[in-house]
């Protein structure tokens, strides 16, 4: 194949990056500048022009989806591409896992057991083996809580233990004596590490730490090229992994955008891009030309640019940025439903429209309104198999059948409140530790299944484990639960046959893939189905979730001080909020609308527009009036109708309940009460009133004051 045909589509900046062969090169890729195109072209250039085998490359991405897209585009160029050729194309964690597996399997084959070649190495025979299981942060937290109870450790803020384990670990590794809260968390870390090795379990941080350690021990051959995508999102442990992976002759090519550092809560810092550049003495190139957004959107984006030169555009000016003021989120939801319906009637597909917000709870009112107005939508919240209760339980079953010493998994199976035996903790512990198979059918079936090596069908596994009884066939959700379980089991069987693995290894590897996200999740399945759906759905998502996506039309809501930007306690946080807004506006190709509330209805959020709107040149903006008087009256009537309907439903519900007869004083009091309806706060009691103002006390909201002229509430008797 002539891969150079694609070079006709590259600009001079992209071409320079593709053909650069410096020992280290880092590319500052502006938003929408064809970063993925350059990465693919770089890999093809190295493979076909420089004859570098794909096996000699390590391609590291921030998400599994990004790695999948790169591999799929490579397959279009080379249909015969094998899994072995791209086994080191993936996220940092998935690549570290494959390297660990290969090293441990090789040591086992050479020595009959895990080689203990370095004194005090974590790879001792009694510790991790090639059959290790990967546990996510939730499972690590469960293990930690068990150890806290077992050793009577005094650890504060256990409700935030998962976050504390992650955030304070670097301080523990650095040799600090006490934790931030002066408790016994630092005593917990070595106990937790010992227990994980005993149970042959690895956390995400273990994968990188042990992978880095093995590389430093010289246990893996070094690649000829390392290619890194979204390098600005790397954290320090990933940077250490990169340093250990890079051999004396290894070349590194990294692409990223320091203006899109928005994940500080994951350990990323804004200087990671420049830290990597200095660490590897890398040559810096740039991709300044944006091919996504029109000139008006790019000119707006340039006002929020923090690093690098001005973004250059390739598209025409386009329409101005629309600015709208809504009274409150309820009114805005009504407007958006009507606006999006109109856009669709004019020929725009729903999938080309997105609504972004700062906080996930802002989606609630949009969901209700869109559902009522029959606007197809999808809330983009990261979902995994564990979010499906029956599959979360099933994965504990499968963990136990491949590793019966995993007491924690076995107890989770027996103690579940919906499935299995619904045992108490004491009873579950007694059954497992004393092997009382006669006390539990599901436990007996799991122990019998442990010896199974042959790959079965999903139906055979379902029957062998007695899952029909465990799922309780008389329950209302049985049919749906059973289908989800069978589909999941069939996926495992297919996976095991394709990988030529026996049943136990197939289950173990599949579950590790689920933990790392390399196995297609329910979210991916839904996305695939949505692509086939005529017109698609409107996407509702946080600004953080929007990164890496693009839409023809974007609405960013709630651009109010205290919401966007959210209240910050440091300069670094303020800068990250600004970058987050930059990411949001650069998702739009042709149409961008920003809106704010007069009455946000949230504590700490001001009823005015954010300074971000003041940073945009006036000639780029088109300010829309809040509403005409006629629209206000129409909307208020609609809001009142909805409020009355809610009151009617509530009163009907109350009437069904038997209540004690009211006293005469209560009846008199009720007759004298003056009530008022508000679209957000519901029905309340008027506590004071004059010619200009009315004060109403609402259940759960307290007293609120309103200007009568604004007609925000309707008085009722």
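Residue numbers in this text run from 1 along the chain shown.
Just so it is clear, glycine is given a Cβ too, placed from its N, Cα and C backbone atoms.
Checked against TrEMBL, the range among 623-649, 650-676 recorded as region 'Disordered' is 650-676. Long-range neighbours of residue 33 (ATP binding site) (same chain, six or more residues apart, CB within less than 8 Å of its CB): 13, 14, 287, 288, 289, 290, 291. For the domain 'UvrD-like helicase ATP-binding' (8-294), the mean pLDDT of the prediction comes to 88. In this structure, the binding-site residues under consideration are 29, 31, and the one with the smallest number of other Cβ atoms within 10 Å of its Cβ is 31. In the three-state DSSP reading, residue 30 (ATP binding site) counts as coil. Annotation: 30 carries the greatest number of neighbouring Cβ atoms among the binding-site residues 30, 36 [cut-off 10 Å, Cβ to Cβ].
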